[in-house]
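Listed in Swiss-Prot for this protein:
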type	residues	note
TRANSMEM	139-159	transmembrane segment
TRANSMEM	164-184	transmembrane segment
TRANSMEM	211-231	transmembrane segment
TRANSMEM	247-267	transmembrane segment
TRANSMEM	280-300	transmembrane segment
TRANSMEM	319-339	transmembrane segment
TRANSMEM	349-369	transmembrane segment
TRANSMEM	398-418	transmembrane segment
TRANSMEM	442-462	transmembrane segment
TRANSMEM	465-485	transmembrane segment
TRANSMEM	496-516	transmembrane segment
Amino acid sequence: MDLEEQERDILIQTDDDDCHVDVSYVNDDDDSNASFSLSQNDSAFWPQSYRHSVDLLTGVTPPMVSFIQGRSTETSFSSSIASLYKRRPTSIANSFVSSTSKQPLLSEKDDVSFLSSQVGLSNTDLSYGEPNFCSFPQSVLNGINVLCGISLLTMPYAVKEGGWLGLCILLSFAIITCYTGILLKRCLESSSDLRTYPDIGQAAFGFTGRLIISILLYMELYVCCVEYIIMMSDNLSRVFPNITLNIVGVSLDSPQIFAISATLIVLPTVWLKDLSLLSYLSAGGVFVSILLALCLFWVGSVDGVGFHTGGKALDLANLPVAIGIFGFGFSGHAVLPSIYSSMKEPSKFPLVLLISFGFCVFFYIAVAICGYSMFGEAIQSQFTLNMPQQYTASKIAVWTAVVVPMTKYALALTPIVLGLEELMPPSEKMRSYGVSIFIKTILVLSTLVVALTFPFFAIMGALMGSFLATLVDFIFPCLCYLSILKGRLSKTQIGICVFIIISGIVSGCCGTYSAIGRLVGELNWMVQ
């Protein structure tokens, strides 16, 4: 019997009525154990597609692409599925030998069936090939790519809002979110059944926890798509500022025209069945961040804009907005479990986090200091909007800020699309490619409507950072950790988690209130 048949023989048929999970933890003294038993019907496993779509989003397990044969989508999913069986053989075997009523948290066979229906393949098309685990350098690049994204552009604006001392909060947020990333790792290590953040939520709080965390993660991705539209619109308006258009008595200014144009540009990329090329292009985000930082420094030092001292030390009135932006800069916990699961040496995951967060903090602080020193109180929500257009470095930075969202938009929207398609009736008609195109188009148009209604890049980022990021990156990792490993934690560990939870609640409430107030003020100004 070949390897593929052996792997398939270990699969246990999923019970159609219910699914039971038993996750046990035994302390070092063997005196007591904490047992978590999750029992839900098949619908409790929504979303099943999350880990695969996030793998494509981050490129954590790069597929072997074959453009000539047109099989890159199949290979990508095959590699991702195969990794489920080859990550920890002994743990996987143990999860199957307990009893026939005890199934894995997510049935891999169900994943194969669902994914094959999404891409129009039979189960046999999704063969279990050799998984492509990431080396340590690849994992570091993936971590940096996830963390150091579009929020880099708005760091100087955050310093303007909070003052120079706000950078201390940025540093503290980096330490806290790096620590909560390690907490997620410890949760994943507690059971081989746990693969993703929603899995952790279910292990901690049942299906309710899985549902809440999944919705929050999808909301993060949706807001990122809105930010991509605003980002492209703002930078194109910077290049072509005086364009207006009148349609049936409706006057459109330059930002509105380019928001619509940007949506029309990214829409065909969302329709693609094969997103592997976009995934590879998006994986170069770390180099894009370096390029943007170098362009900013070049304009300040070589092109003669110069650096100036001054600025506020601390602005308590606007500090909550800065807090939200700083939180937005570290909102990568949605995919950290995928990076961990993709590593050849998962024991080095804490070092991956340390290097990734350290790199991001260095670049965030460097760009924040450089941008605010160059433009002072005139700094806009994206530093590319302040850079003089006559310089080559400025043009490179602006067009980079335009092109990058084009490669990321479809990847960010895909997990949401697959999650919604799971909720559709399981009929061939409702799972057709035409229905998928319709769902994708509606979602894209909805992001355009939101971007036109709230065209404020920094404020939307602050709102996302204050509300979503504090929940996903601060509060829930600690709550899940305390729940899953209760009875095994020291008082110090519990105290640290409680401190982080309280800090997250306070900063989240203050930042959300301030961001909403600023949003209302900007809308009133637009109306006037």
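A Cβ is built for glycine as well, from the same backbone N, Cα and C atoms used for every other residue.
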Counting only pairs 6 or more apart in sequence, are there at least 3 Cβ pairs under 8 Å between the transmembrane segment (139-159) and the transmembrane segment (280-300)?
yes
Looking only at residues six or more beyond either end of the transmembrane segment (442-462), which have a C-beta under 8 A from one in the stretch?
150-151, 153-154, 157-158, 222-223, 225-227, 229-231, 233-234, 255-256, 259-260, 263, 266-267, 270, 321-325, 328, 381-382, 413, 416-417, 420, 511, 514-515, 518-519, 522-523
Using a Cβ cut-off of under 8 Å, list the residues of the same chain at least 6 residues beyond the transmembrane segment (496-516) that approach it.
176, 179-180, 183, 318, 320-321, 323-324, 327, 459, 462-463, 465-467, 470-471, 473-475, 478-479, 481-482, 489
Which sequence-distant residues neighbour the transmembrane segment (349-369)? Criterion: at least 6 residues beyond either end, Cβ under 8 Å.
136, 139-140, 143-144, 146-148, 151-152, 155-156, 158-159, 167, 170-171, 174, 177-178, 181-182, 185, 286, 289-290, 292-293, 296, 329-330, 336, 339-340, 343, 383
Can you name the far-off residues of the same chain, 6+ from the ends of the transmembrane segment (211-231), with a Cβ under 8 Å from a Cβ of it?
46-47, 50, 150, 153, 197-198, 200-201, 205, 259, 262-263, 266, 331, 334, 382, 401-402, 405, 408-409, 412-413, 415-416, 419, 443-444, 447-448, 450-451, 454-457, 460-461, 463-464, 468-469, 471-472, 476
Looking at the transmembrane segment (164-184) and the transmembrane segment (398-418), are there 3+ C-beta pairs under 8 A, with each pair at least 6 apart in sequence?
no
Going through 280-300, 319-339, 398-418 one by one, which has the most CB pairs that fall under 8 Å from the transmembrane segment (465-485)?
319-339
Could you pull out which residues elsewhere in the chain have a CB under 8 Å from any CB of the transmembrane segment (280-300), counting only those six or more residues past its ends?
57-59, 62, 65, 141-142, 144-145, 148-149, 152-153, 306-307, 359, 363, 366-367, 370-371, 373-374, 383-384, 387-388, 391, 393-394, 396-397, 400-401, 404, 407-408, 411
